[in-house]
Amino acid sequence: MQDERPVDQLTEAEAAAELARLAEAIEAANTAYHTHDAPQISDADYDALRLRNRAIEEQFPELRRSDSPSDRVGGALAEGFAKVRHEVRMLSLENAFDLAEVEDWIERIRRYLGHVGDLLFTAEPKIDGLSLSLRYEKGRLVQAATRGDGETGENVTENARTIADLPTELDGAPDLLEVRGEVYMSHEDFAALNGRQEAAGQRLFANPRNAAAGSLRQLDPAVTASRPLRFFAYAWGAHSEPLAATQHEAIARLAALGFTTNPLTRLCTGPEELLAQHAEIERQRAALGYDIDGVVYKVDDLALQRRLGFRASTPRWAIAHKFAAQLAWTQLEGIDVQVGRTGALSPVARLKPVTVGGVVVANATLHNEDYIAGRDSKGQEIRGGKDIRVGDWVQVYRAGDVIPKVADVDLDRRPEGAAPYRFPETCPECGSEAIREPGDSVRRCTGGLICPAQQVERLKHFVSRAAFDIEGLGAKQVEALWRDGWIRQPADIFELPNRYREGIQRLENREGWGRKSAENLFAAIEARRRIALHRLIFALGIRHVGETTATLLATHYGSWAAFEAAMTRAEVGAGPEWQDLLSIDGVGAVLATSLVTAFHQEAERAAVEALAAHLTVEDAEVRAPVASPVAGRIVVFTGTLEKMSRAEAKARAEALGAKVSGSVSARTDLVVAGPGAGSKAKQAAALGIETIDEDGWLRLIGDA
């Protein structure tokens, strides 16, 4: 991650642009890691992106995006598997990188809980594998699902049954029990698997995590059965009765039921003991025989876990304390520039292969032209101002067994005549001008849909899970059909049945296709001629428009006709349509500009009109409000709350549909005043606003 300008020095416009860039980068990283099992940046880079995103959101809360990465978990689902809705969400973890961040996490827990005595924690290795949820009913394994996006996963039940240390029957378990853990592959088994792959002339796996993920997600369970997968249990989801009263007792119960649990799990009393266990696990890391990338700390008392609850994508009661990165020196042999869906030009370092932490790596991210030149996007020096040139000896690091980043340059070993790298000002794919807008850290191709790279990437986005989700038409099929000229824009997908069902060129005659698979695809395409408005808006692939934003836009405009008309009439920066767009909660000037600009570009407009001609777009659903006595009301808490912390009260109110404000105004509906309430209570009385005490609040919401 490049050195960035301090968050407290950003202007509001710079912060908005930075949040947009971070959202795009994090979404791309999530898709590469969770969906394709082919990560493109290191764990450390990914963590840095999320940390900076969170820091900017905290500094500029009014700029928080409706599709904020802080609210997202995992990635899109792989093709070919049935979908499973998780009864209890599978969330990710907050990360810490040093003792200070661990202590801050503990202090936040204490503040949230209010009056609490000594806290106990468990510490366990963070396994670097693929998360899996196992559902047992009456002691029998009935379903296994990957995490997916946290809400919906992939059904891999038959594959999971082939894992040797995963029990298919339990004796003495609750009638319903979801056991969660990590599928992984040992170093020894990974080496043997790659040996067999090499002998058979097949592709080698980059690391054990990719091997485990790829093996579990095989469409043929026989292939999974031939792979030496293992499973550690460490958590649970839905259950008909509690496993125990504490985390460590629950883990012991899982072990008694026949699951493999990690023997390095320990009970700790505070930050010093947690740090000592972190150091001990890191000391043993090289000899464990499997990959870990940190230590997970959890509040031990399950009653406190329930009180602490969850944020949008992480539990408050757990955190992952990550290990430091691993370093190596190698030579930079070349720089390639790739073009993404939104036209971003991304430089990739081609390295002389080097082993870093036991994995051979040959590529690294170079982020953007500023990073190569030795400065951040604001012009401040990084790496002491040292630029990166082809032929340089560079220090690379990896954290999490993925493609590394370039951390430093050895000027003493720079070859004579090595020239400064000139970043292209035209697109390497289509030759269009590549421009860099103010506040943006990347250069982008202006070719739009005439750019081949953007065409194919946007087509992949169009058929993705949250967009049109056309069964049988995934990224690989899109690439092949695009390469042969069968599809160039989304509308072409809906022409496939007419063009390639009969005649000389038939889909069923293509490699990898047959009559049945072709007819199945044609049927899936026909089924998608009717589409929900929010899916269509998201599928257009307009920069900055994520799933949540698409839903907000659909809800606001109601119909495709209204949305299209508004975008067509809108002018950037002025007019009633522009003001109406900005009035949507979560839509800022950057996002609005992107939307309006897209609908005014000739090629984009033509593609949208061609697509719409094939579709029946369903109007947005009007969601029923949350049924509670405080739904839709603006609530203010003031004074000391004695039965719950302020944070706990806020979370409960918001869960019931209320909006919690920090100040009293004429728009306030209700003030909850505890002992010591001062000016806010007086202001509420002056305005005639209903005011109740904490007991009254608890009675109102039914928690008394």
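Think of each number as a place in line: the chain as shown, counted from 1.
Using N, Cα and C of the backbone, Cβ positions are placed for all residues, glycine too.
These come from Swiss-Prot:
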type	residues	note
ACT_SITE	Lys126	active site, N6-AMP-lysine intermediate
BINDING	Asp43, Ala44, Asp45, Tyr46, Asp47, Ser92, Leu93, Glu124, Arg147, Glu182, Lys298, Lys322	NAD(+) binding site
BINDING	Cys427, Cys430, Cys445, Cys451	Zn(2+) binding site
DOMAIN	625-704	domain 'BRCT'
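Feature map: Swiss-Prot annotations on the structure.
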residue : record                                  : DSSP (3 states)
Asp45   : NAD(+) binding site                     : helix
Leu93   : NAD(+) binding site                     : coil
Lys126  : active site, N6-AMP-lysine intermediate : strand
Arg147  : NAD(+) binding site                     : coil
Lys298  : NAD(+) binding site                     : strand
Cys427  : Zn(2+) binding site                     : coil
Cys445  : Zn(2+) binding site                     : strand
Cys451  : Zn(2+) binding site                     : coil
C-alpha of Lys298 (NAD(+) binding site) to C-alpha of Cys451 (Zn(2+) binding site): distance in Å?
48
Of the recorded positions listed here (Lys126, Cys427, Cys430, Cys445, Cys451), which is spatially closest to Asp45 (NAD(+) binding site) when Cα positions are compared?
Lys126
Within 10 Å of the Cβ of Cys430 (Zn(2+) binding site), how many other Cβ atoms can be counted across all chains shown?
19
Ten-angstrom check, please: count other Cβ atoms within 10 Å of the Cβ of Lys126 (active site, N6-AMP-lysine intermediate), all chains counted.
23
List the same-chain residues at least 6 positions away in sequence whose Cβ sits under 8 Å from the Cβ of Cys451 (Zn(2+) binding site), in sequence order, or say none.
Val339, Gly343, Cys427, Glu429, Cys430, Ser432, Cys445
If you count Cβ atoms within 10 Å of the Cβ of Leu93 (NAD(+) binding site), leaving out that atom itself, what do you get?
18
Out of Asp47, Leu93, Arg147, the binding-site residues in the record, which is closest to Lys126 (active site, N6-AMP-lysine intermediate) when you go by Cα distance?
Leu93
Specify the count of other C-beta atoms within 10 Å of the C-beta of Lys298 (NAD(+) binding site).
24
Arg147 (NAD(+) binding site): tally of other CB atoms within 10 A of its CB:
23
Which has the fewest other Cβ atoms within 10 Å: Asp45, Asp47, the binding-site residues listed?
Asp47
Per-region confidence, the domain 'BRCT' (625-704) (mean pLDDT, whole number):
85
So which other residues, same chain and not among Cys427, Cys430, Cys445, Cys451, have a Cβ within 8 Å of the centroid of the Cβ atoms at the Zn(2+) site?
Val339, Gly343, Thr426, Pro428, Glu429, Gly431, Ser432, Ala434, Thr446, Gly447, Ile450, Pro452, Ala453, Gln454
At a 10 Å cut-off from the C-beta of Cys427 (Zn(2+) binding site), count the other C-beta atoms across all protein chains.
24
Including all protein chains shown, what's the count of other C-beta atoms within 10 A of the C-beta of Cys445 (Zn(2+) binding site)?
26
